[in-house]
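Novice: There's a structure below that I have some questions on.
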Amino acid sequence: MAASLRRPSFSASSSSSADPDDEGVRGTCEDASICKRFAVSLGYWHDPYIQHLVRLSKERKAPEINRGYFARVHGVSQLIKAFLQKTECHCQILNLGAGMDTTFWRLKDEDLLPSKYFEVDFPMIVTRKLHSIKYKPFLLQPIIELHSEDTLQIDGHLLDSKRYAIIGADLRDLPELEEKLKKCNINPQLPTLLITECVLVYMTPEQSANLLKWAANSFETAMFINYEQVNMDDRFGQIMIENLRRRQCDLAGVETCKSLESQKERLLSNGWETASAVNMMEVYSRLPQAEASRIESLEFLDEMELLEQLMKHYCLCWASKGGSELGLKEITY
C-alpha cells in the first residue's frame, strides 16, 4: 500500500568532481528551464510541476522565445505520444540530458506512463532535481504511489523506483552510463524511446556518434528523438554560436547541424534504419488552427520574421530501428 511506504531519505554520497569546461553546458539547462517556467506562467501549456523545480524569472522573455519553447514542447510531446500509442505503453523511455524536465509526471497524469521512465544528466543537475523531489510532496507522492517496495532508493546522484529512475552520469562515458542503467533495471528487449533535446550539439561529433551507435546497438527495438540547432552555417547561425561562446559555452558538435540532411545522415550512419527531420517553423505551421490562435492571443508578436528566423534554426529529428510489427517506421510528425 502506498500509505505504508516510508518517506525516503538521502544517504551521504561524495559529490563528483565537476569539469569546468562543462559549466557553460550546465548553464544552458538552467536557461531552458527558466524559459519553460516563464512560458508556462503565461499559459502557453499546462505544467503544474515545473514551478516546484524551477524559479520564475523576473526578466520577461520575448514572445518569439516563448512560442519557440511551445513548439519544442508540443513537437517532442507529439512524437512521445505516437511511440506510446504504437507500443501501447509497453516500453521504456530514456531521456538523456533531461535537466528539470517534467514529462514523467505529466504522462502519469494522462495515464500514459511507459513500463519505466529513465532520466540521465550531469550528477550536479541530478542532485539539484532530487533535492527538490525529496522536499516537495507534490513531486514525491506520485513516485511513491507507483512504487511497490517498502523503501525508495534515493541518494545524492540517483533515484530508483519501480516506474521512474533519475541517474547522474556523463553521456560521454558510455561504460559508466550502461552500468548505471543496468543497476536501475533497464531492459534491452523492451521497445525503447530515447530523447535528447539540445544535448548532442554540446558533444564532439565523435562523442555524439558513439552515443547514437550505443543506443542503436543496445536496444532491439528503438526510436530516437533529437531536438537541436540546424542551418548553423548562415549568418543568423553564426550569431547564435558567437552569443553562446561569450558565455563560455562552445557548440562542439555544430558541424552536424548544417542542415536537415546532415542531421538525418548522422542518425542513418550510426545504426538507425529510418530518419526524418523537420525545422521548427514546419512544426509550428502544422499546429491545429485553434491551438495556434490560442497561443497567438497570449502575447503580441511584433515581428513574425524574427520568429520564422529563429524557428528555422532549430529542428526535430526522429529515427527508428526494428519495430516493424509495431509500425515505428510509420511515425511521422
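From the backbone N, Cα and C atoms, a Cβ is placed for every residue, glycine too.
Pasting the relevant annotations from TrEMBL:
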- Arg72, Gly97, Asp170, Leu171, Glu197: S-adenosyl-L-methionine binding site (BINDING)
- 1-18: compositional bias 'Low complexity' (COMPBIAS)
- 1-26: region 'Disordered' (REGION)
Novice: For Asp170 (S-adenosyl-L-methionine binding site), which residues of its chain lie six or more apart in sequence with Cβ-Cβ distance below 8 Å?
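Specialist: When sequence neighbours closer than 6 are ignored, Asp170 (S-adenosyl-L-methionine binding site) has Phe122, Glu176, Leu177 within Cβ distance under 8 Å.
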Novice: Validating a neighbour-count step here. Other CB atoms within 10 A of the CB of Arg72 (S-adenosyl-L-methionine binding site): how many?
Specialist: 23
Novice: Starting from the Cβ of Glu197 (S-adenosyl-L-methionine binding site), draw a 10 Å sphere and report how many other Cβ atoms land inside it.
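Specialist: I get 20 for this one.
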